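**Student:** Quick one: the structure is below, questions incoming.
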Amino acid sequence: MARKWNLPFLLLPLVLGIPLVRGSNPLPLVVNTWPFKNATEAAWWTLVSGGSALDAVEKGCAMCEKEQCGGTVGFGGSPDEVGETTLDAMIMDGTAMDVGAVGGLRRIKNAIGVARKVLEHTTHTLLVGDSATKFAVSMGFTSEDLSTNTSRALHSDWLSRNCQPNYWRNVIPDPSKYCGPYKPPDFLEQNNRAHKEVDIHSHDTIGMVVIHKTGHTAAGTSTNGLKFKIPGRVGDSPIPGAGAYADDMAGAAAATGDGDTLLRFLPSYQAVEYMRGGDDPARACQKVISRIQKYYPKFFGAVICANVTGSYGAACNRLPTFTQFSFMVYNSLHNQAIEEKVDCM
């Protein structure tokens, strides 16, 4: 799926001295993963109120953190093996190629806000764990418990099911039958990589891309990660080029899904590079999915892409339980946030 506008055609009336018809330019543009409408609207109204592309991404993702979108963004969701909720987020400025990100952030609700502070007040790209929390507190954020009755109940139920599912392999006791603690066996058998069936509702990261009316780009993500992950695990979301990527010379992209798989292919960076090479956004997204399918045909994932002329698209990998991917779009041709769907390939 794609919506395309030909830039030379848009510029022709200006060359001839003819004013453009109001609303004929699709910019600005907001696209985000999943039907998180309030996040889309928060980003859009930030833009029309005079905010930058970076401001829009931050406000949009922050709305999802506040609303706990799908239980997979923000506090109170996706407890790890010990029952704690931690957060990952990143934000990227495609004009300056600056990035701020946090991974395994504890006790701070506004992860995307902390990522913005990393971008603005340090020369680093990524801060993690307890030290990221200390940084956040120094920046004025409040330290508070991220667990809720809902996340505690999820963890309790998981323990009652012998810690299933989990993400261990080649350890004893058998992780498919028992809880840990685990340790490596004396002799490691070399067997084929096992594929774990995934719950698609445990991966609904918000990824957002914004193209400002000036052509400036930004992208970002926010997530509470994988349910019942091994403590310390960080997925694709806070990694530039994996979770999201933006470059004013081409466009922006964001990914959602099985972060451990996506991280190995830098799908957002690859999508932007495909657009730089001339592919329209829909085709760029499709090529990214095809590239991963060659190695992981059963992976769960989707990508959104937008170029600097206002064209956008998306693609996803088809599974028995995942045949369509929903994403949100708001541009100057719409008077509201629109949910669009693409058939998986």
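Glycine is no exception: its Cβ is also placed from the backbone N, Cα and C atoms.
OK, Swiss-Prot features for this one:
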type: SIGNAL; residues: 1-23; note: signal peptide
type: CARBOHYD; residues: ASN38; note: N-linked glycosylation site
type: DISULFID; residues: CYS64-CYS69; note: disulfide bond
type: CARBOHYD; residues: ASN149; note: N-linked glycosylation site
type: DISULFID; residues: CYS163-CYS179; note: disulfide bond
type: ACT_SITE; residues: THR205; note: active site, nucleophile
type: BINDING; residues: ARG233, VAL234, GLY235, ASP236, THR256, GLY257, ASP258, GLY259; note: substrate binding site
type: DISULFID; residues: CYS285-CYS305; note: disulfide bond
type: CARBOHYD; residues: ASN307; note: N-linked glycosylation site
type: DISULFID; residues: CYS316-CYS344; note: disulfide bond
**Student:** How far is it from THR256 (substrate binding site) to ASN307 (N-linked glycosylation site), counting Cα to Cα, in Å?
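**Tutor:** On Cα coordinates alone, these residues lie 19 Å apart.
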**Student:** C-alpha of CYS344 (disulfide bond) to C-alpha of GLY257 (substrate binding site): distance in Å?
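**Tutor:** Between the Cα atoms of CYS344 (disulfide bond) and GLY257 (substrate binding site), the distance comes to 13 Å.
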**Student:** Between the binding-site residues ASP236, ASP258, where is the Cβ count within 10 Å the lowest?
**Tutor:** ASP258
**Student:** Looking at the recorded positions listed here (ASN149, CYS179, ARG233, ASP236), whose Cα lies nearest to that of CYS305 (disulfide bond)?
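**Tutor:** Nearest by Cα distance to CYS305 (disulfide bond): ASP236.
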**Student:** Tell me the Cα distance separating GLY235 (substrate binding site) from ASN38 (N-linked glycosylation site), rounded to the nearest angstrom.
**Tutor:** 25
**Student:** Taking the Cβ of GLY259 (substrate binding site) as the centre, count every other Cβ atom within 10 Å, in any protein chain shown.
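**Tutor:** I get 28 for this one.
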**Student:** Given GLY257 (substrate binding site) and ASN307 (N-linked glycosylation site), what distance in Å do their CA atoms have, once rounded to a whole number?
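**Tutor:** Between the Cα atoms of GLY257 (substrate binding site) and ASN307 (N-linked glycosylation site), the distance comes to 22 Å.
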**Student:** With the substrate site defined by the record as ARG233, VAL234, GLY235, ASP236, THR256, GLY257, ASP258, GLY259, how many Å span the farthest pair of C-alpha atoms?
**Tutor:** 16
**Student:** Taking the Cα of CYS69 (disulfide bond) as the centre, which of the binding-site residues listed as GLY235, ASP236, ASP258, GLY259 lie within 10 Å of it?
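**Tutor:** Those near CYS69 (disulfide bond) - Cα within 10 Å - do not exist; the answer is none.
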